[in-house]
Every structure is written in structure tokens, then in C-alpha cells.
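Features as listed in Swiss-Prot:
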type	residues	note
ACT_SITE	ASP383	active site
BINDING	ALA327, PRO328, GLY329, ILE330, LYS331, GLY332, LEU333, LYS348	ATP binding site
Amino acid sequence: MNHFPKLLSSQIGFDVAQTMLENFDRHYRIFREAAVDAKTLYERADWHGLQRLARERITSYDDRVQECVEVLQDEYDAENIDDEVWQQIKLHYIGLLTSHRQPECAETFFNSVCCKILHRSYFSNDFIFVRPAISTEYLENDEPAAKPTYRAYYPGTDGLAATLERIVTNFQLEPPFEDLTRDIGCVMQAITDEFGEFDAAPNFQIHVLSSLFFRNKSAYIVGRIINADRVLPFAVPIRHVRPGLLALDTLLLRRDLLQIIFSFSHSYFLVDMGVPSAYVEFLCTIMPGKPKAEIYTSVGLQKQGKNLFYRDLLHHLSHSSDRFIIAPGIKGLVMLVFTLPSFPYVFKIIKDHFPPPKETTREQIMEKYQLVKRHDRLGRMADTLEYSSVALPISRLDHALVRELEKEVPSLLEYEDGNLVIKHLYIERRMIPLNLYLQNGTDAEIEHGVKEYGNAVKELMKANIFPGDMLYKNFGVTRHGRVVFYDYDEIEYLTDCNVRRVPPPRNEEDELSGEPWYTVGPHDIFPETYGPFLLGDPRVRAVFMKHHADFFEASLWQASKDKLLQGELPDFFPYDVSLRFSVRYPDRFDATPDAGDGDSAGNAQRAA
């Protein structure tokens, strides 16, 4: 039954709707400006500036929502607007969105503002956008000066090499390329290596998204090759190979490699999108099966991703019958974790009380999760979705889980109309806990898991992250085989840690003591003491010492800390370095002039 009013008679309703949309438009303008600034910072190789920009953009959305709430409270006394007017506000807002190019994001912004003003009893489709109201299908920016979402190129006309060069140069990057002809040759060789010689069909074409995707020290060209009935995804990372010179680093042609680049364990891209839904639709065609929620999140629209995820959860609950259960594995001291077996995510709640030796607070743990959200995750830390007032049907909760919730988090629970409302929780992708992966794995799987674990921790330390609790149970294995850290309550910046060696025992009593004979400060770390916790299984020990014997040396950790303190930002690659053109085709690079060679300027080609 439709409860909406027949007439839109409220001027306040229209004014509030218009004010909310104006505030959203301001938010999205700032969002796009960040992507434009990212291109400038990338061209200057200002990596610290790019990091700062990415951090600031993450908090920008909440700032704009709060500004809008304050305006509505000050100018319209929003909390006291009656129900009929609130319904009209939504209808007016829908009317204002009919020609909008980011309607789905504007609807989410509307929800965010309303959730700050209205009681949760109003969280229905009468008052907020539980379901989308405006279609985003075939949405494009048709203004004459606007860039299309993607450009189509036809190699049959000019040849593949010339087409590839035009694709790169159309992005008009300011620094010249070290040797673009060489790089295009590498791209063509990689295509041949992957597919062999293939016959060009009449519809042979290449589609390329019109904006670059910026993250870390790379700018990615993302597109698809169409040939007959085949759709082949690709991404080309562009990197600074030496001061003032660019190069195409590799060509990623496999769908699984693109899915890793757009993974939940990586930081969000900075990408300028006039019509974000069109970008997401394009990305869905090259990564079928990847949820739209994750794609929206990966391109920096994490609130839209969060909104879509919640809709996916509600949809799944209405089309499934299994129960939420306590997550398998070792129970944590700080978090209560549960899952729905038919849904590939885990739900994490901060407990009301923590047993010794944990010395922390709810506020400190929430700040750790925010630290991870703001930090460069490098594909090694799981992203989290943070929710308030999540209502789950009591009938879908296992009895053991309900007892555990009532025991561990009573302050966060409310019973309401057959639902259990959880006041605060985090949601993450479900992974195989690394301790179980190693415990049950074959020799090959153990070697892979241990090698990945060491690589993950080493990459995190280079990114200024000390995990705190190094146990395998705090790491997970993704469906792509990547080892990812997901327990953040003890996380610290490595630069805040004091890396120490264990001093030699003073006497035999010290040597036999089960307690440290030396003082340990709150930020002291002793890498050589990690062995007993990580190397108990002989099979694990053998491969750990084969690949990561230096893991337990304080000098490794101190060297990373020293470089960070000197302002160095190391290179990270979300793909195996063996795929880099310089590694894959070394003969093509042997003749490249050195940066100091007088011929280098002649070989440099400007992408303009």
C-alpha cells in the first residue's frame, strides 16, 4: 500500500530536498576535484601528497553529511518536521534527481543525512531510499564538453601499435615516456604471449575508460578488448621509472589479476567519474561476479558501496533460511565474530569487556579500525564496513550465538519487533584463517601460505604498519590465495615502535627463567621472540626459514623504520613482479639509455 501524499503541497518539503541535493552536489564536486588533483600530484611524483589527498577524501563524505544536518537543523528545525512533510521531502528529492548524473550516490547521501535526524523506526522506503528510485541504466553525460565514460578505438583502421600509442597519449600525462615505442612493443608481445595470433573479427575494437585510476605510485589504464563474442579485460599500470620519465609497467590481461587490483584489501582508487554508475557498469563487464558494492567501494565511493552491500544483505536474508552462527576458529579476546554460512562475510562486534592481558578500550579499538581505513592497505589489510543499528531477525540467529551475544555485548543489544538490533558492528569479507589453512594444508599450500605471510608482514612494515599480534589466526587467505591481515586491535605505526634486540641473560637464572629478565616498554618490539609462536610446526618451520629467515632479525625491522623516518615510500606492486615488462622482456630494456645518457631526451616521448 502506498502511503505517500497525493499532493506535494509543502514548500518546506521542497526547500529541504533542494538543500540536501545542493549539499550532495558540493560533496561530489569535492570528490571529483580530489581525482583531478591526484593527476597533478602523480605527474609531480608527489607521493606523500597523494597519500594525504587519499586520507582526506575518506573523511570528506562524513564532513559533508554533518554540514548538511546542521543546516537542516538550523534553518528548518528538521527534527520536528512532521511525517507527511518528510514523505514529501523524499518525493521532491526524487523529482530533482530525474536528470541527475549521480542519482544513486545522491540517494545514499539523502539516507545518510536522514539517519542522523530521524529515529530508526523511520528507516523504511516511505522516508528513505531502502530501494533505489532512479534508474542508472544507460546514464551518460551528454553535455558537449563532457568526456564520454569510455572511448572506442578500432585497430583495424590504423594498426594495433598506432592505436595503443594513441590510447596512452590521449590521457595527456605531463611527464614524457622513457621509451613509449619499446613499451608498446612489450604490450603487443604480451598480447601474443597470452592469446597467440588471433584473427580480427569485424567488430574488433578496444574500449578504454576515459579517466586514469590513481593509487600508490601507479596510474592505471583500464579497458576491454572486444573481438567477435569475446570480452577481454585489461589494465596497464603507468609508473615513474626514473625522475621525470614514465613507462608502461606491464599489461594485466587475466580477470583474476584485475580482481586483485580492485580487491577489498587495497586502498580506494582516485578516479574522476562524471557518471559513476557508467564506470561501475563497465567494470562489471570485465569482472563479472564481483559485487557492485565492492566496485563502488574500490573507486572511492565507499558509502555507496556500503549502502549497496546492506541491500545485498537484506536481499540475501529474504532468499535464504540458514542461521547466523559463531564463526569457526579460535575465539578472540576483543571481538565477537559471527557469520552466515551462505553469505561470504563475517560480522565483528567489540566486546564489552576484555580479559587480561588486553589493556584497551572500545574507543581505542574503533580508532585502530579508522587508522586502517585511512591507511594505504597495499592489498594486505582487509577493508571493513562499519554499521550502526543493524536489525537481524531473531529467528535467523543460532541459540548459541544469541547466548554469546548476551554474554559478551549486552550493552550493544536491543530487542525490537522480532529483531535483534546491534548498535555497532563491522563487516568484512570471510577468509580462511591462516592457522587453519596451514594446519590442514598440503606441503605446497603450507609453502604458499608461509611465503605469503612473510611477504604480507614485510610489506606492511614497509608501509609503516606493525600488526602487533603476529599469530597466524589474525591473518586470512583470500579466494585468490593472498594472505591478508584482519585483526587490528593491537596495530601500531612502525615508526612509533622501539625495535630492540633481546639482551643476553646476565646469569643462569635469567637463562632458565620463563619471564623476561629485561624491561619491556609499551612500544618495545623484539622480533627474535616471534619464533616460538610461529615455528612450532616442523613443516612450517622448514619453509619459513627457507623464505623468511631474516624475519626474526631486529635489523630488518629497524631498516624499514629508518627508511620511513627518512621519508622514503617504497614501491609496491599488486601483481607479481615477474609480470613487469622490465623483468619479463629484459632484452628490450638492455639498450635503454641511462638517465644520464645524452640520448635519453631524444627517446623520451611526451604523452600529450
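Just so you know, glycine gets a Cβ as well, placed from its N, Cα and C.
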Among ALA327, PRO328, GLY329, ILE330, LYS331, GLY332, LEU333, LYS348, recorded ATP binders, what is the largest CA to CA distance in Å?
15
Considering the binding-site residues PRO328, GLY329, GLY332, which residue's Cβ sits among the greatest number of other Cβ atoms within 10 Å?
GLY332
Rounded to a whole number of Å, the separation of the Cα atoms of LYS348 (ATP binding site) and ASP383 (active site) comes to 13
For the residue listed as 'active site', what residues in its own chain, 6 or more apart in sequence, show a Cβ-Cβ distance under 8 Å?
PHE264, SER265, THR297, VAL372, LYS373, ARG377, GLU428
Please list, in sequence order, the residues in the chain of LEU333 (ATP binding site) that are at least six apart in sequence and whose C-beta is under 8 Å away from its C-beta.
LYS351, PHE354, PRO355, LYS358
Which has the fewest other CB atoms in a 10 Å radius around its CB: LYS331, LYS348, the listed binding-site residues?
LYS331
Once the chains shown are all counted, how many other Cβ atoms turn up within 10 Å of the Cβ of ILE330 (ATP binding site)?
13
